[in-house]
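Enquirer: The following block contains the structure, expressed as structure tokens.
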Amino acid sequence: MARYVFITGGVVSSLGKGIAAAALGALLQARGYRVRLRKLDPYLNVDPGTMSPTQHGEVFVTDDGAETDLDLGHYERFTGRSATKTDNITTGRIYKNIIDKERRGDYLGATVQVIPHVTNEIKNFVTEGNEDYDFVICEIGGTVGDIEAMPFMEAIRQLGNDLPRGTAVYVHLTLMPYIPAAGELKTKPTQHSVKELQALGIHPDILLVRADREIPEAERRKLSLFCNVRQSAVIQALDVASIYDVPIAYHKEGLDNEVLAAFGIEPAPKPRMEAWEDVAHRIRTPEGEVTIAIVGKYTGLKDAYKSLIEALYHGGIANRVKVKLEWIESEVFEKEDPAPYLEKVHGILVPGGFGERGSEGKINAARFARERKVPYFGICFGMQMAVVEAARNLAGIEKASSTEFGPTKEPVVGLMTEWVKGNELEKRSAAGDLGGTMRLGAYRAALKPDTKIAGIYGSPDISERHRHRYEVNVDYKSRLESCGLVFSGMSPDGVLPETIEYPDHPWFIGVQYHPELKSRPLDPHPLFSSFIEAALEQSRLV
């Protein structure tokens with residue numbers, strides 16, 4: 001029978017509920033338990049697929065094609081368990097499901113209301129499909145007091161009564177700010193946050209308190225007294241150098257022991273933390289440093305590239321080097337020479353994106369990398385722009401462009417109208433909806449023998465996650481290959497180009513998929529490990 005841990009947040013947003021949930025999941029896994037993590041998002045969008053990356057951050061794509069919150073990326077990276085579309089739900093999805101049921105007549109003429117219909121839908125989502133798990137950790141997005149989160153708070157309150165006694169625990173993540181003028185940490189924001197949570201009928205069992213310095217014992221006693229929580233369950237969550245130190249830090253503070261104690265479970269056996277300790281040691285004691293330039297268009301919010309950043313760090317962990325990131329807005333290269341920005345870097349990465357803005361800058365970055373022999377990694381849009389660059393400057397197709405930017409006589413990159421998923425043919429049109437209509441999720445690809453990328457993977461058959469609606473036009477394949485660009489990976493039916501490379505370049509690879517989504521600190525993705533290794537070689541030449 002599954003036990004449930006509900007994680008709420010208070011005082012301010014962005015305290016790290018996702019990291020806390022993921023770290024707790026990793027600690028319970030390290031004790032041998034089977035863990036599932038789920039995210040409840042209060043916004044009205046059906047999913048984050050059409051939300052601006054500069055507002056919401058990255059859209060994390062699962063194997064089964066769901067566009068989800070970036071916290072699911074943390075869940076996967078910390079636990080190694082692949083998330084599914086049933087691990088993330090939004091208010092928009094819930095209301096859509098309810099309205100569809102009402103239109104079908106499923107409610108038999110009843111007046112559809114927030115209680116019980118919305119709350120029941122939330123409870124069903126939380127509790128369904130958990131037969132194979134020992135613990136289900138549910139993170140509730142937003143902050144206690146947000147009007148959007150009220151139905152979720154009510155639902156998890158009800159679950160405290162609906163579930164068998166002793167199978168639901170509430171963890172409240174809060175902030176204890178330091179006031180320089182007073183020279184002390186303040187408990188009042190946490191007291192008010194807990195009071196607001198209690199007013200909703202939820203009484204936290206554990207307080208996880210973020211702070212930038214040690215919390216004195218007297219302040220812990222005060223929180224215990226005023227928040228009605230055992231003193232041992234007031235857990236300090238101090239700032240750490242790397243998010244991969246968090247599982248070790250939380251175990252040291254006793255979070256996993258307190259969670260088990262709240263369920264009446266003896267905290268044995270001790271968690272096996274050797275792998276996490278090795279990762280932490282590699283991060284603390286690098287044997288070198290490389291600088292990677294990320295030429296993107298959403299650089300104003302680094303969370304737009306969250307999985308990408310972590311995957312690069314994973315490559316650094318694999319090679320025992322520190323990875324330093326240089327962020328460059330791609331529009332800069334439309335007006336200025338890339339050389340002054342890129343001459344001293346050891347690798348260039350052009351990530352995914354949508355739309356024409358900044359595209360010429362990405363093309364110029366790809367040209368610089370090709371001509372100067374600097375390691376280049378093009379992901380999704382970054383691969384497409386590398387192909388456009390080759391078409392223009394190697395194949396002499398001066399008007400080469402993408403139909404994403406408007407009509408063109410040389411559509412080197414075009415809209416996909418149909419593709420094979422499993423045994424079924426999927427079709428799309430330019431007039432269709434934007435949401436959920438891309439080529440999403442895991443697809444297989446066949447790699448060409450004796451290519452660099454086949455050597456990196458060590459296998460000719462791979463599966464990677466996609467999120468795109470435009471694709472390199474296979475009709476240009478022969479013209480481009482005659483100029484030295486190798487199409488090193490194709491879809492199994494040979495219709496969709498998946499990877500490209502230059503055999504005469506130290507490391508120039510483009511991929512149509514998003515390998516960063518499958519990288520883990522305990523299991524770095526081979527492409528990122530190889531890219532950082534190539535950057536390390538480049539650092540010895542610069």
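A Cβ is built for glycine as well, from the same backbone N, Cα and C atoms used for every other residue.
According to Swiss-Prot:
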type	residues	note
ACT_SITE	Cys380	active site, nucleophile
ACT_SITE	His514	active site
ACT_SITE	Glu516	active site
BINDING	Ser13, Lys186, Thr187, Lys188, Pro189, Thr190, Gln191, Lys222	UTP binding site
BINDING	Ser13, Asp146, Ile147, Glu148, Lys186, Thr187, Lys188, Pro189, Thr190, Gln191, Lys222	CTP binding site
BINDING	Asp71, Glu139	Mg(2+) binding site
BINDING	Gly353, Phe381, Gly382, Met383, Gln384, Glu404, Arg469	L-glutamine binding site
DOMAIN	291-541	domain 'Glutamine amidotransferase type-1'
REGION	1-265	region 'Amidoligase domain'
Enquirer: Greatest CA-CA distance (Å) over the residues Ser13, Asp146, Ile147, Glu148, Lys186, Thr187, Lys188, Pro189, Thr190, Gln191, Lys222 that the record ties to CTP?
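Expert: In whole numbers, the farthest two Cα atoms are 31 Å apart.
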Enquirer: Could you measure between Gln384 (L-glutamine binding site) and Glu516 (active site) for me? Cα positions, answer in whole angstrom.
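Expert: Distance (Cα to Cα, whole Å): 17 Å.
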Enquirer: Looking at the binding-site residues Gly353, Phe381, Arg469, which has the shortest Cα distance to Thr190 (UTP binding site)?
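Expert: That would be Gly353, nearest by Cα distance.
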Enquirer: Tell me, how many other CB atoms lie within 10 A of the CB of Cys380 (active site, nucleophile), whichever protein chain they belong to?
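Expert: A 10 Å sphere around the Cβ of Cys380 (active site, nucleophile) contains 21 other Cβ atoms.
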Enquirer: Between Lys222, His514, which of the recorded positions has its C-beta surrounded by the fewest other C-beta atoms within 10 Å?
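Expert: Counting other Cβ atoms within 10 Å of each of the recorded positions Lys222, His514 gives the minimum at Lys222.
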Enquirer: Of Ser13, Thr187, Thr190, Gln191, Gln384, the binding-site residues given in the record, which has the fewest other CB atoms within 10 A of its CB?
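Expert: Comparing Cβ neighbours within 10 Å for the binding-site residues Ser13, Thr187, Thr190, Gln191, Gln384, Ser13 has the fewest.
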Enquirer: On the Cα atoms of Gly353, Phe381, Gly382, Met383, Gln384, Glu404, Arg469, which are listed as binding L-glutamine, what is the maximum pairwise distance in Å?
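Expert: Spelled out: the longest distance between any two Cα atoms in Gly353, Phe381, Gly382, Met383, Gln384, Glu404, Arg469 is 14 Å.
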Enquirer: For a quick check of packing: other C-beta atoms within 10 Å of the C-beta of Lys188 (UTP binding site), how many?
Expert: 12
Enquirer: Measure from the Cα of Gly382 (L-glutamine binding site) to the Cα of every one of the recorded positions Pro189, Lys222, Glu516, then give the nearest.
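Expert: That would be Glu516, the closest of Pro189, Lys222, Glu516 to Gly382 (L-glutamine binding site).
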Enquirer: Fewest other CB within 10 angstroms, which one of the binding-site residues Lys186, Arg469?
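Expert: Taking Lys186, Arg469 as the binding-site residues, the minimal 10 Å Cβ count falls on Lys186.
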